[in-house]
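Features as listed in TrEMBL:
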- 1-22: signal peptide (SIGNAL)
- 42-63: region 'Disordered' (REGION)
- 50-63: compositional bias 'Low complexity' (COMPBIAS)
- Asp94: active site (ACT_SITE)
- Asp308: active site (ACT_SITE)
Amino acid sequence: MSHISKLLYIFFFFFCNSVSLSWSSSLSLHFPLTTLRLTPTTNSSSFKTSLLSRRNPSPSSSPYTFRSNFKYSMALILSLPIGTPSQSQELVLDTGSQLSWIQCHPKKIKKPLPPPTTSFDPSLSSSFSDLPCSHPLCKPRIPDFTLPTSCDANRLCHYSYFYADGTFAEGNLVKEKFTFSNSQITPPLILGCAKESTDEKGILGMNLGRLSFISQAKISKFSYCIPTRSNQPSLASTGSFYLGDNPNSRGFKYVSLLTFPQSQSMPNLDPLAYTVPLLGIRIGQKRLNIPGSVFRPDAGGSGQTMVDSGSEFTHLVDVAYDKVKEEIVRLVGSRLKKGYVYGSTADMCFDGNHPMVIGRLIGDLVFEFGRGVEILVEKQRLLVNVGGGIHCVGIGRSSMLGAASNIIGNVHQQNLWVEFDVANRRVGFSKAECSRLSP
């Protein structure tokens, strides 16, 4: 599946503000498609830091404590035990998604193409059940979760995702348990059970929606540490993931999530995302002349800045992107690869096998947040290997994908602990050597 397909418009049977899926060999972007139309940008003070009225209150502590490693190349791939007895399933960890879904292919049924090697066999699990058409969720326009559903020939709740690039996933909505240990088993959670899909992995939806994994399982916090990526894009590194308390959290620095009045209509806003107060961007010692208003949602929701583990590159709205590119051109413009655009959005790319030389000429990249919190991207890892001897600054232009948001992608979350403290409505960051944390 194309890595940009998450930002391509999904052809839903009904209007959809829930998430999607995607990951493969090019640019990945994984946040909910609420930006079907753009409205003019105007300044607004409509955001605030408070509890989200659309969400159920979170417990002060998570009912589960779980640590796992994940594979990382362009996405974060977790293997989680699902069912009774459990079957290990590979899922993309996605803080921009609500619906979790797994690959469901009974092994006894032979098709022209073999099922994914880690597909789930419902017939082997005693805790598996389908959602019938009569279930309230199998109705269009459920608040926070307008998944396109229909009733299949067996009177089961069927869903379909269709993407503009031709990729898709469809199957039934089901209930199933996650088994973290003999004493830590979730109740049956609502998932998608994909019978047909162009992806080999499922999705672990971790946003703030009521049907996300963390909301259904009442997870109060989770965290991950993304290692630096291998120089060869096809090779995976190993990172660390926690559900519940993280023993490293003492050194975390937190920013409060921005939240929004439920009553206000903001058509370009994703109210279920982890929206953070980005204040500015520095390159080298220079703070770029970008108005702070472009990093915060205006009256229509344009300008929201979200932290998204399911997006590979960071993406910026036009005003911010233009200022970043202007500085890159000033510093190393003669070295840019003319006419080259990676993933339809990123055009600050370079030929050759000496990315560190260019990185030193550019300097460190810093994202500045509230409360003095920063994400530092050191110059030696500023450029991302996209294959074919080409390296790109890991930033794309949001508008090229029809988006009106700023997204902090996973390439700029490397060598950081990132904690999503849902109970306290905040996100924490701390520098770490993530590759050294995994056995």
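Numbering starts at 1 and runs along the chain as displayed.
Glycine is no exception: its Cβ is also placed from the backbone N, Cα and C atoms.
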C-beta crowding around Asp94 (active site), within 10 angstroms: 31
Other CB atoms, at most 10 A from the CB of Asp308 (active site): 29
Residue pair Asp94 (active site), Asp308 (active site) - Cα distance, angstrom, rounded: 7
